[in-house]
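Notes for the one structure printed next.
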Amino acid sequence: LRFRLAGYPRKHNEGRVEVFYNDEWGTICDDDFTLANAHVLCRHLGFVAATGWAHSAKYGKGIGRIWLDNVNCAGGEKSIGDCRHRGWGNSDCSHEEDAGVICKDERIPGFRDSNVIEVRKLLPRMGSQCWPGSRRGSCQEPCHGAAQPWGSPAMGQPSRGAVLPWGSPAVGQPCRLLSPRRLFTERQQLSYRLHSVSCTGTEVHLSMCAFEFYRGNASGACGAGMPAVVSCVPGPLFAAGNAHKKKQRQQQQGQPRIRLKGGARVGEGRVEVLRSSEWGTICDDRWNLLSASVVCRELGFGSAKEALTGARMGQGMGPIHMNEVQCLGTEKSLWSCPFKNITQEDCKHTEDAAVRCNIPYMGYENLIRLSGGRSRFEGRVEVAVGAGDGEQPRWGLVCGEGWGTLEAMVACRQLGLGFANHGLQ
């Protein structure tokens with residue numbers, strides 16, 4: 001039997017338990033799950049013991065079969081398959097009950113396993129990477145490039161993607177901690193389509209950022225040969241990132257006087273208005289769906305589906321320009337609605353108003369995809385670029401030079417995956 005840890009968010013020594021049985025990966029139900037079960041699984045994976053276990057799909061819901069249910073280990077078994085259970089594939093659970101384990105971050109001395117790391121060839125050359133104390137000859141196999149880390153969906157079978165560069169500490173773990181293994185290599189087939197991508201972090205999709213196209217076949221044109229990689233944070237989490245914001249140019253006449261900030265998706269966010277050349281927020285006193293709908297229509301969306309209070313989309317900065325906004329719902333602009341000017345004592349940014357608008361389907365998420373990640377929330381960024389002359393758009397890579405958190409924020413937003421956790425190369 002082969003096991004792996006999967007899911008998100010997690011560290012290398014924890015995750016949803018998946019088992020490879022009958023040529024198919026599946027999960028284990030959390031019914032009757034115990035710490036003894038976790039001990040057996042962690043030892044099988046090469047850790048000395050378990051420190052805990054997780055129920056109710058803490059690391060996300062798996063896919064495919066639920067292979068085991070009502071597992072009952074004594075704790076000394078060599079494999080979870082030796083423990084009592086209902087039988088392979090016999091379960092009354094859903095993936096909302098997928099079990100996970102947290103292993104002690106200490107490897108069994110001399111542990112050898114048959115897990116597979118897949119190294120994909122991103123450049124015409126592949127190098128070797130050694131570390132202090134390695135045996136002479138232990139660096140014969142290439143350990144450079146983008147790889148599927150231990151515990152990834154590609155274990156045991158080549159897949160399409162790459163995850164993180166070997167320069168990243170998180171990805172260095174498989175080479176340092178696991179025993180020698182088989183390596184699958186495959187030349188990267190996608191060419192680079194975009195480079196010099198530069199975003200402010202507020203754009204709806206990558207095509208709104210500054211960038212340049214590669215001309216012709218540019219498979220080797222990206223400097224150090226590093227594709228852009230993102231890791232998105234699922235859910236509407238607010239990340240300020242003010243230290244990374246670029247200076248905004250002075251607002252010119254005719255530019256919008258209202259905007260949404262801090263939202264994880266198109267058409268949602270904290271409402272900010274421009275007054276006396278300075279952006280500020282709106283206090284949520286008497287904030288309702290009528291006023292929120294005026295905001296949404298002013299921005300070109302449909303009516304509002306939610307009027308949010310209590311800084312649900314994060315706290316703004318600077319002045320609070322409006323309070324007790326009372327729209328009838330028919331106004332063309334929020335500035336046409338009655339409101340009160342406030343002093344700093346009336347409201348605080350913990351009361352910033354926000355909206356969620358009804359928006360048309362624009363298909364932005366179909367022009368970008370992530371590949372090679374451990375979950376759907378991370379991976380190498382690939383974009384569809386129109387070929388012209390009626391041809392189908394061509395998929396290609398984004399060069400990672402200059403790629404950072406701001407650009408990753410836009411990619412995650414376009415994918416509908418919330419905020420960026422990392423922007424990597």
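For all residues, glycine too, the Cβ spot is worked out from N, Cα and C.
What you see is a predicted model, and the numbers here were worked out from it, not measured in a lab.
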Just confirming the record: what cysteine out of C209, C222, C347, C357 does TrEMBL connect to C283 via a disulfide? C347
Considering the candidates C42, C73, C139, C143, which is the cysteine that TrEMBL reports in a disulfide bond with C103? C42
Please identify, from the disulfide-bonded residues C29, C93, C283, C296, C327, the residue with the sparsest Cβ neighbourhood, meaning fewest other Cβ atoms within 10 angstroms. C93
So among the disulfide-bonded residues C42, C73, C337, who's got the most Cβ atoms within 10 Å? C42
State the Cα to Cα distance, in Å, between C327 (disulfide bond) and C283 (disulfide bond), rounded to an integer. 14
Rounded to an integer, what is the Cα-Cα distance in Å between C296 (disulfide bond) and C337 (disulfide bond)? 14
